[in-house]
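Per Swiss-Prot, disulfide bond is recorded for 138-163, 195-259, 208-269, 239-249, 305-369, 412-475, 425-485, 455-465, 525-589, 538-599, 569-579, 821-850 (among others). Marked as domain 'SRCR 2' by Swiss-Prot: 280-381. Sequence annotations record features per position, and here Swiss-Prot assigns N-linked glycosylation site to 26, 683. Feature annotation from Swiss-Prot assigns signal peptide to 1-20; the stated evidence is sequence analysis.
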């Protein structure tokens, strides 16, 4: 993060999200040690606070735009003519929040029609197709990346920035059940409340509709006194009651002061509990427009069996939920298996009913199904780029049509191939397809939108294929593309293979292997995963060099389903699909076993002297720290991103030493760590080794090297019964300046200046290590952003135990606490200097407890020991 973005995030109140964990990550980091700590005082620890932090400023006002008109039932495409565009939602936010109109750092988006023709900085590709549209909602024009928008910067210039798709999300907290509670909204990277001034049932109804808890809401109020430290974002919310999202309502940005009656907005979502309109919801989808159908009956939620489930049934579900667009039925627990009872079976709607209760069906609770047959629906909004097959006997066949600028249009068949058909059918949720004669279906009278389409077969969406500009063609409707799609045979094997991608690697040639099957990206289990399997993956991706397999979630754990297990390639197959012998979806794995590959692998290990001259004179240099997707605040670090991070390991008789403490590489032969790391096992050099270049503790890597210890120097003032002077130096075995071999993954950290005050000079601070994540010991190097705290703050909490040779750091906000528990004892607290060099300002030392409220972690202040370090190491 640049200094400018850091300051901007601070001003907008987003700092807790920038420098800390979110609530999920906070659950995954609690302890510092990878193994049980030695006897003695526990470290680090926490204390409660009695000081209220200043309230963060709310985000700037959001521009208002009229809500798009809701389609009436008569205007809705009939289920037999409608297709489906699978997840993620085209062009918009993957979370389904289509109305986000502010960047992730709080800048209001410009309307796409207001963007000038000349820009100082090139935006992502394909944005020109949005030029002229009068809305300002965040979009991903190519359909593959993260949504973004243009905004006006402080200099009056137009720039672009990514959007946070969670902005405008709502939740109910503190109620007796899921249908009631205080309204909390997500903005500027954190959850906040709404002042209850002018809060009425129309506002409450929009909240209930957005949460899929029915269309009727009752406005309530909650005292702020019981909510803890949480900001107020909005006041005077003024909804009509039919908006799809609270972002579309008029409202005022909270400017501080006192909220009338000191009450926060709350709601109770009320359903009509008569027989005509049972309570329904969609669960397990990637947006509010899709998911497993669940009904609330007799006091509990249950599912619907998919026997005879079709698009007509889906049409009724979408109508009952108030969702317009294209309705499609999904079978065989496509959105995951539910729990609880199966409520209904044999549902047979005509598509014209107002409620599923009006459809012919089994009696409540009567069925012959399991949850593997749970029914689902998708209600795809009509946005530009949605496709369908129209004019056939069902949604699986017909004339290919694309929705653009409020109108359905066709596609010309010039240059149409089998690969094009495959991409269309896959996007619509089918396994196979073939081009059909246009004479089989009624001729269109609308526009011809696309021509000269060419797909490679790897695309996940039809609009990712190359094509002419919208409306440019030399065709007539006699040349309209028509397609018939088929679900495929048992086992879901594909004749053409399926798309493969590599995720979270350092470059495009390596990463976690993900495959696109059944409309979803998923991973491969590493059972039996070998270099032969990796060779096939790399060949399918177009790489011809040597390939190496990586196991045990080497590139991080994926999300979504695990599609494939027990891959058995010979190494000569043309695609992964030719290697699969086991049915898709069958496995006995977790995401901790996700498979990965490195393509064009030629062995990157540097020799001992090859780069000595170029690297021995530098420090604090991160050669591998940027990637498109930032991973901060307690997640896996980028491999090689912290090249000075090393581990002090305890040797065993078996030769497989375990991790004891973290440490920091200061030069080729010297390592900095904590003195207490040697308290239990003594300071005999025979007991220890130091590992450099490590990332995944269980996978041997090309830059990894384990070096013996020649000398251990503990500060002479350190006492085992005290936490002061908790610092030590370790001399590695080897000739002078030739102990550890430098490379892009092994480099020394800089030392701070003597008596430097890091609270004034340092910024952008991180802790790193392989510490206990709270659920299991981390296999991969972790990192967490962490703020330095004022000296007086630490002295008040630790009284006389905190000395001038110590620092304390941590995020003390509730649910976002971060301290040295997230690193290893002896590990580094690194801060960025001006000019992008990094210095070690702290050594993880002690604290009160772990994750305890208002008790920051304590670190040995390295700047206080610079003369001692230099006298020992001769640096």
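Placed from the backbone N, Cα and C atoms, the Cβ positions cover glycine too.
Location within the structure of each feature annotated in Swiss-Prot.
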residue : record         : Cβ contacts under 8 Å, 6 or more apart
259     : disulfide bond : 195, 196, 197, 224, 232, 235
305     : disulfide bond : 342, 344, 345, 346, 367, 368, 369, 373, 374, 375
465     : disulfide bond : 420, 423, 453, 454, 455, 456, 459
485     : disulfide bond : 389, 396, 397, 424, 425, 428, 430, 432, 433
538     : disulfide bond : 509, 544, 545, 547, 597, 599, 600
569     : disulfide bond : 530, 532, 533, 535, 536, 576, 578, 579
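Residue counts of the domain 'SRCR 2' (280-381) by helix, strand and coil are 17 helix, 33 strand, 52 coil (DSSP-based). Cα of residue 525 (disulfide bond) to Cα of residue 138 (disulfide bond): a span of 35 Å. Around residue 589 (disulfide bond), the same-chain residues six or more apart in sequence whose CB sits under 8 Å from its CB are 525, 526, 527, 562, 565, listed in sequence order. Geometry remark: residue 412 (disulfide bond) versus residue 269 (disulfide bond), CA distance 48 Å. Of the recorded residues, residue 163 (disulfide bond) and residue 239 (disulfide bond) place their C-alpha atoms 24 Å from one another. Within 10 Å of the C-beta atom of residue 208 (disulfide bond) sit 24 other C-beta atoms, taking all shown protein chains into account. In three-state terms derived from DSSP, residue 579 (disulfide bond) belongs to neither a helical nor a strand segment and is classed as coil. For residue 208 (disulfide bond), the nearest neighbour among the listed disulfide-bonded residues (138, 249, 475), judged by C-alpha distance, is 249. Counting only residues at least six positions away in the same chain, the Cβ atoms of 203, 206, 237, 238, 239, 240, 243 sit under 8 Å from the Cβ of residue 249 (disulfide bond). Calculated from their C-alpha atoms, the gap between residue 475 (disulfide bond) and residue 269 (disulfide bond) amounts to 53 Å. In the predicted model, the domain 'SRCR 2' (280-381) shows an average pLDDT of 86. Between the alpha carbons (Cα) of residue 269 (disulfide bond) and residue 138 (disulfide bond) lies a span of roughly 29 Å. With the fewest other Cβ atoms inside 10 Å of its Cβ, the least crowded of the disulfide-bonded residues 239, 269, 579, 599 in this structure is 579.
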